[in-house]
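The next block holds one structure in the form of structure tokens; read it before the comments.
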């Protein structure tokens with residue numbers, strides 16, 4: 001599995017060229033993309049500027065000598081590469097297994113080309129087998145948990161040891177065990193309108209390419225263009 005993740009990450013790095021501003025994703029597959037960019041910076045003199053999606057990725061990129069800028073200092077990003085926890089046939093996805101969904105979505109929004117790197121196990125018919133992360137403010141989080149519980153969403157707080165995990169943005173994550181999300185777009189809108197929800201892990205209609213690594217090789221899937 002790790003070998004497939006590395007293949008996907010290294011393949012995505014081939015889309016990066018000199019002068020680009022690139023979004024650096026978070027997670028076990030995006031890790032290999034960042035590593036390959038670091039190698040190219042060091043060995044090939046690749047000239048890029050990175051925008052990171054988590055403190056973990058910032059630390060990795062700094063260690064590799066990749067120049068970084070804050071999202072607040074750029075207007076657009078040429079290319080962002082990130083992982084995904086599930087991708088359906090309509091190119092909707094669940095992200096946030098690494099608890100970085102808010103920053104990942106913020107970086108994805110001004111991106112001209114958005115690529116996900118996954119192994120074949122992440123491609124699914126319907127989203128929802130992977131728990132859907134919902135980032136919530138700490139104030140009122142227990143009340144919101146009960147709302148989700150009453151709705152039948154089977155919520156659980158993301159934990160770190162014996163305490164609730166706190167994201168880079170100082171929020172909590174409530175994971176929803178939905179089993180199957182029949183209409184990701186509608187459910188995303190529902191969560192968007194829920195007071196106390198900062199962001200959710202449904203990335204609907206955002207990705208341009210999905211690089212899928214399997215035992216048979218690498219496949220690049222192109223999402224249909226809007227309109």
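Positions of Cβ are set from backbone N, Cα and C atoms, glycine also.
The Cβ of residue 104 (active site, proton acceptor) lies under 8 Å from the Cβ of 25, 26, 53, 54, 82, 95, 96, 203, each of these being in the same chain and 6 or more residues away along the sequence. Here Swiss-Prot flags 104 as active site, proton acceptor.
Annotated substrate binding site per Swiss-Prot: 26, 27, 28, 29, 82, 83, 84, 85, 95, 96, 97, 98, 122, in sequence order. Packing around residue 84 (substrate binding site) is summarised by its Cβ count: 26 other Cβ atoms lie within 10 angstroms of its Cβ, all protein chains included.
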### Query
With every protein chain in view, how many other Cβ atoms are within 10 Å of the Cβ of residue 97 (substrate binding site)?
20
#### Entry: Tertiary neighbours of residue 28 (substrate binding site) (same chain, Cβ under 8 Å, six or more apart)
2, 5, 83, 98
### Query
In the structure shown, which of the binding-site residues 95, 122 has the fewest Cβ neighbours within 10 Å?
122
### Query
What does DSSP call residue 104 (active site, proton acceptor) in the simple three-state scheme?
helix
### Query
Roughly how wide, in whole Å, is the group 26, 27, 28, 29, 82, 83, 84, 85, 95, 96, 97, 98, 122 that binds substrate, by largest Cα to Cα distance?
16
